[in-house]
Amino acid sequence: MPRIMIKGGVWRNTEDEILKAAVMKYGKNQWSRIASLLHRKSAKQCKARWYEWLDPSIKKTEWSREEEEKLLHLAKLMPTQWRTIAPIIGRTAAQCLEHYEFLLDKAAQRDNEEETTDDPRKLKPGEIDPNPETKPARPDPIDMDEDELEMLSEARARLANTQGKKAKRKAREKQLEEARRLAALQKRRELRAAGIEIQKKRKRKRGVDYNAEIPFEKKPALGFYDTSEENYQALDADFRKLRQQDLDGELRSEKEGRDRKKDKQHLKRKKESDLPSAILQTSGVSEFTKKRSKLVLPAPQISDAELQEVVKVGQASEIARQTAEESGITNSASSTLLSEYNVTNNSVALRTPRTPASQDRILQEAQNLMALTNVDTPLKGGLNTPLHESDFSGVTPQRQVVQTPNTVLSTPFRTPSNGAEGLTPRSGTTPKPVINSTPGRTPLRDKLNINPEDGMADYSDPSYVKQMERESREHLRLGLLGLPAPKNDFEIVLPENAEKELEEREIDDTYIEDAADVDARKQAIRDAERVKEMKRMHKAVQKDLPRPSEVNETILRPLNVEPPLTDLQKSEELIKKEMITMLHYDLLHHPYEPSGNKKGKTVGFGTNNSEHITYLEHNPYEKFSKEELKKAQDVLVQEMEVVKQGMSHGELSSEAYNQVWEECYSQVLYLPGQSRYTRANLASKKDRIESLEKRLEINRGHMTTEAKRAAKMEKKMKILLGGYQSRAMGLMKQLNDLWDQIEQAHLELRTFEELKKHEDSAIPRRLECLKEDVQRQQEREKELQHRYADLLLEKETLKSKF
């Protein structure tokens with residue numbers, strides 16, 4: 001008895017690969033030919049396997065909640081129409097049907113109270129899968145059957161054969177056509193070489209013959225054109241960029257190596273700057289603790305004195321209330337004014353709000369569909385099948401309505417009545433008490449109705465606001481009218497200046513000046529004092545000019561000399577002595593610090609303070625007032641004018657002043673080793689070299705500083721003017737192009753003008769030549785006509801003779 005092969009069953013990995021390769025070769029229409037490669041599958045099964053599992057457009061991810069809700073609603077609207085439902089959801093029909101049955105089975109388990117985590121659609125041992133085309137492929141066994149190996153080798157051979165009978169026939173026809181064309185071409189060439197032209201017979205084509213005509217051809221207008229751009233320029237091939245590493249791009253290993261190198265450098269810099277964080281990072285701690293910043297709290301709103309006053313008032317009200325209770329006064333006025341404020345009002349239970357109970361809409365819809373599926377015939381009558389309340393809100397995703405938070409309504413002296421603290425109140429809603437919530441602050445005990453409940457108030461309506469103001473004003477007026485008449489009249493009379501003093505005292509008592517303002521005012525006072533003190537100092541100190549580090553007292557002349565000093569010499573000695581005293585005072589109180597040692601320690605200055613103090617004790621320094629200094633300055637100015645007139649000194653020009661200054665400055669030399677100035681003619685060669693080296697170093701420092709400053713300014717100007725520069729370059733290029741066009745147009749204009757002149761001069765000559773040629777041709781034609789007539793006559797004569 002022959003072996004009967006029943007096609008079908010579980011798909012294997014080898015069969016899936018053969019099916020995909022066959023679809024790539026034969027397409028999605030020749031399923032019989034594709035099935036001939038698979039001995040155990042039919043054409044229908046191959047087609048189902050492709051469209052239900054192997055197609056790359058099939059979605060195989062987990063079902064989302066929105067897709068499940070959409071599936072249940074569409075199944076309710078279009079039952080059993082899975083081919084229509086599938087493209088709406090984005091799944092296959094088999095997937096939709098399978099998941100729908102899965103949801104129904106899950107709902108049935110829920111009704112039967114069988115809470116199991118297993119899939120209800122899972123096959124039990126011994127069951128056969130009715131739809132193997134929608135399941136993943138089974139791995140291939142290590143030892144295949146002979147039939148499977150034969151099928152695999154046959155499929156490999158057939159799929160690898162791309163030259164079938166039809167392909168060979170097409171190739172042969174193509175070769176014959178090419179040989180026929182070459183033979184005809186060779187024949188035409190040989191005939192053309194023999195002097196015989198054969199016109200090629202072309203079949204008349206409908207439409208445009210693209211081999212003979214140029215479609216959409218636009219012939220250029222007659223004239224002269226620039227053909228410089230049409231010249232072919234050979235490309236300068238850069239063979240360095242055609243290397244393999246340039247074509248392949250940067251390798252991943254090279255990029256990772258560069259990144260690792262950057263990380264090492266970054267870690268090295270981090271170790272130098274921030275060692276603790278680098279240690280934490282290298283030890284494997286990814287999230288190390290940050291440095292805690294200093295806690296900055298706002299200033300207290302209530303001072304200690306005010307707090308003590310509140311405590312005293314509370315104690316006084318408590319004593320008054322106890323006195324009223326002991327005396328037996330229990331009227332409404334006393335109970336209202338003297339209310340209890342010690343015990344916290346716990347009218348609202350301290351309960352944590354529980355999570356609102358939510359319902360599983362997918363489970364409800366599945367239960368409804370299962371109940372509608374199992375409903376009895378309506379001929380029996382009775383009640384309808386009980387269903388859960390549902391709607392079509394699950395077709396689209398649900399969005400939560402967000403209310404705008406209102407910080408104005410969350411003030412500490414207002415308790416909202418609708419339980420929505422900090423949200424915009426909705427008009428027209430019923431106020432609800434705050435239930436099942438833990439209060440966020442101490443509830444207000446407002447026995448005097450100072451803060452009335454206004455949760456229902458609509459403050460956006462101006463008419464309502466005006467009405468509330470009018471009612472409160474009327475209520476206040478009625479309350480004031482109800483007050484008892486005063487028993488005693490008092491009149492307080494203030495003195496005339498008491499109001500101003502009272503206002504000033506109130507301002508001084510209430511206003512507390514800020515610490516920053518106090519510091520700023522003190523700093524301004526100190527700056528003013530410093531400026532005033534600086535004005536009383538010497539001009540050299542005020543302008544921070546270089547001053548000598550040592551005082552040369554040998555410039556003074558001895559008093560007991562022969563011959564004795566004159567009055568002018570004595571005056572000069574007094575001036576020198578005062579100058580030496582001023583130098584000692586400045587070196588003691590205002591030592592000079594060179595610009596290079598501003599931040600560091602001053603070297604060689606201020607070390608002889610004891611010497612200066614001793615000298616100033618014997619020769620005290622006298623300070624003068626501002627008026628005395630002004631008088632002395634006026635006297636000096638007058639003396640300078642007298643000397644200028646007496647010496648006939650005119651106005652000195654800047655060139656002459658600079659020349660004199662350069663000559664004087666060239667005679668002075670600074671010795672860096674001794675930190676002093678001396679005359680150039682008294683210095684040695686070594687001192688001159690050291691001085692010049694110091695000057696060169698200073699000049700280089702100035703050059704470096706100015707270069708850095710210039711670089712910063714250049715960078716800043718480049719940022720500011722970069723756009724303008726690029727715009728200017730673009731405009732300059734456009735301007736140059738326009739000038740070139742103008743010159744070219746001018747050159748063409750001159751060329752055409754010259755051409756017109758030549759043509760105007762040549763046209764008459766051409767006309768004369770043409771007229772002569774025509775006249776000559778006419779005469780020749782007449783001669784030929786006469787000759788033709790003679791020949792005809794001679795012909796007739798000969799005919800008549802013979």
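From the backbone N, Cα and C atoms, a Cβ is placed for every residue, glycine too.
Looking at the stretches 569-607, 764-802, the one that Swiss-Prot records under the feature coiled coil is 764-802. Candidates K487, K522, K532, K539 were compared with Swiss-Prot; the annotation SUMO2 cross-link appears at K487. Residue annotated by Swiss-Prot as phosphoserine (from the set S358, S410, S691): S358.
When S303, S347, S463 are compared with the annotations in Swiss-Prot, the one labelled phosphoserine turns out to be S303. Per Swiss-Prot, the annotated phosphothreonine among residues T352, T377 corresponds to T377. In this structure the C-alpha atoms belonging to T227 (phosphothreonine) and T377 (phosphothreonine) are separated by 93 Å. Taking a C-beta cut-off of under 8 Å and a sequence gap of six or more, T377 (phosphothreonine) has no contacts in its own chain. For the region 'Required for interaction with CTNNBL1' (200-206), the mean pLDDT of the prediction comes to 71.
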